[in-house]
C-alpha cells in the first residue's frame, strides 16, 4: 500500500495525473550496543568523528587561508581574477552539500559517502600541493593542477559536510538526547578550533618558510592535505564501532517534486472553468498527502525571507579575499609580533568564540531588561547594518592607504629619479624632442633624491636627451622611456668620460608583506649576494644592475657576499613592509666595502591593526545574523523540513559568493568604491528584508505539531549539517 494516501477528488475537470508510488523505507536494523566512553552514555565512536571533523576543518580553512595570495603571487593572476576564482571555489563548496546529502540519503548511506568523498578530498589536496611546486611544469601546468585540485576539494568538503555531524548523531540511542546535544556542542567547538589554529599556522608555513627561493605554498597546502589524510584514517579506524543506518530517502527531493507537481498541475488546469484553490501548493493534493503539502507551505513562508540573504554572505566571505588583499598593503609589525597578511583572518573564529557567549549572556539580556522586543528578525536586520558599517570602515581604511601610497604615473607620464654615482657634483640637463629644457639639476655625489620627478610625454614612448657636465667634461646622451613607468638614471665615471644607464623601476609597491631589493655593483668584479639560504643573485661588474628580488621584511645586518677572490658582508639594515630598496655596492678608501641604501618606493605606513574594527563589526554581524537566522528558521518550519532549510541556507551562501564573483569581474571600480558599493547594496537589501520581516506573521511551534507529523516517516532525510560560518556552538 502506498504510504502517501491518494486524495480522491469528485471534480472531473482536472487533467489526469499519474500517481507516483513511493517505496516504503526498508526497516532499520536494531542498533547494536555501542562501547561507551569511561562508563558514560557517550559512544566511543563519537571520539573518532570529532577528531575527524577537527582535522578536516583544519585542512579546509588552512588551505583556504593562503588561497588568495597563492593566486596573486604564485599564479600571477590580477586581484580581480584572484578574488573571482576564490569566491567561485567558495560557492562550489556550498553547492556540493546538496549532492552529498542526496548520495547519502538515497544511495550509499552516510558512512560510505564520507569515506568515498574523503578519498576525493585527499586526492584534491595532493593535486593542489603538486600545483604549488615551482619545479613542476610552467604556468599552464600550475593553473590546471590548481583548478582540478580545487574542484575535487570542493566536491569532497561539500559532499561530506551534510553527513559528518548527522552521522555522529546517529551513534546515540534515542533516550540519550541530552548527551547528543552536548556532542553537537563539542562537534562545533572542533570546527572552530580547527579553523582558529589552521588560519594562524598555514600563513606562517607560507611566509616564514622559504622553498625554491620564494614563499612555500607547497608546504602551506601540503600540511592541510596531511591533516585530511589523518582525518580519513581516524574516521576509518572507528568503522567497527559505528552504527550505520541505511539510506532513508531524500526530503529535499520530495519537496522539490511536490512543488514541481503543484506548478505543472496548475498549468495544466488553467482553464477558467476550474475552481480556484486557496493556495498554489494545493494543486499537489492529487498526488501528495495533506500533511506534506502543509509542511511545504510553512517552508515556503520561511524561504521567502531567504531571498535577500545572499547579499549578507557576499560581504561576509570577502574576509579571505578583498580584506586579505587590503592587509598586504599595510604594515604588519604590531611591535610584539609580526603578522602575515593572511593571518588577520584568524580574528574571525577568535572573535566568534568571544562574541557568542557575550551576546547571549550579556548584550541580549541587557536589551531585554530595557523592555525592547529584540526579535530574531530584528537581530538579523541589525546584523546586516553592522556588516554595512564594517565595509564602510574597510572603505575608509582603503582610502587612507591610497593617500599614503606614492602617486602612480598616468597616461603619457613617467617618473624619473637621477642618481649621481660619481665622486663629485654633476649638472644634469634634460631636453625633449623640441630641445626644450625639462629638467636642470645639480646633483651631489651619492645624493638621495627626495622624490621622483614627473615628466610629461608627447606620445606613449619618447626619447629624452641628457646633457651631463662633470668638471671639465661635457657629455650628451639619449634614453627612451614609455608611459606609466618609473625610471632611474644612474650616472657614473667611466675612465676619463661619463656614462649613464637608464633602468626601469618597479611599478608599484610590493605586496604580501614582502620587500623588494636590487643592487648596483660599482666594483670591477662580479659579486654574488646571498640574501637567504634559498635566495642569491649575481650582480655584474662595472655598474651592473640586478633585477628586483623579493625578500622577507626584517633586519639584514650581515648579508654574505663574495667575488672571485674575496668574501665580505654588507649591512642592509631594516627592510620594511612593502618597500623597494636600491643598494649601491661601493669600495671606499676610508670605509671599505659597503652598501649605499636608497628607498625607491616607501614602506607601508598604515598599521594592520586598523583592520581590527572592521573584523569586530563583521564578526558581530555574523553572530547576530547567522546563528539567529537558523534558530528562527527552525522555529518557523516543521521538523520534517529542517533538512530542506539547511539546504536552502547553504544555497544562499553559494549565491552570495557568486555575487562577489560578478562584481569583481565586471564592476571596474577602485577598491574603496567597491567596498562602498557592497555596503550600500546590503543597506538596500536590509531595508527590503525589514519590510518583509515587518509583514511576516510568526508561527507558534504548537501550531506546526500534530499526529499527522508521523505520516511521512520515509522521507525523513539526512539532516544537512550547516556550519553557520563557524558560529554555531
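Here the Cβ of each residue, glycine as well, is placed from N, Cα and C on the backbone.
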TrEMBL annotation of transmembrane segment - which of the ranges 185-205, 248-268 it falls on: 185-205
379-397, 398-416, 417-435, 436-454 - the one TrEMBL records as transmembrane segment: 379-397
Positions whose Cβ lies under 8 angstroms from the transmembrane segment (675-697), at least six residues beyond its ends: 301, 304-305, 307-309, 311-312, 314-315, 318, 322, 377-378, 380-381, 384-385, 387-389, 391-392, 394-395, 398, 663, 667, 669
For the transmembrane segment (217-237), distant same-chain residues with Cβ under 8 A (at least six beyond the ends): 48-49, 51-56, 58-60, 62-63, 66, 70, 74, 114-115, 118-119, 121-122, 125-126, 128-130, 132-133, 198, 201-203, 205-206, 209, 211
Among the ranges 84-104, 143-164, 185-205, 298-316, 379-397, the one whose Cβ pairs under 8 Å to the transmembrane segment (647-669) are most numerous: 84-104
Interface check, the transmembrane segment (143-164) with the transmembrane segment (116-137), three or more C-beta pairs under 8 A: yes
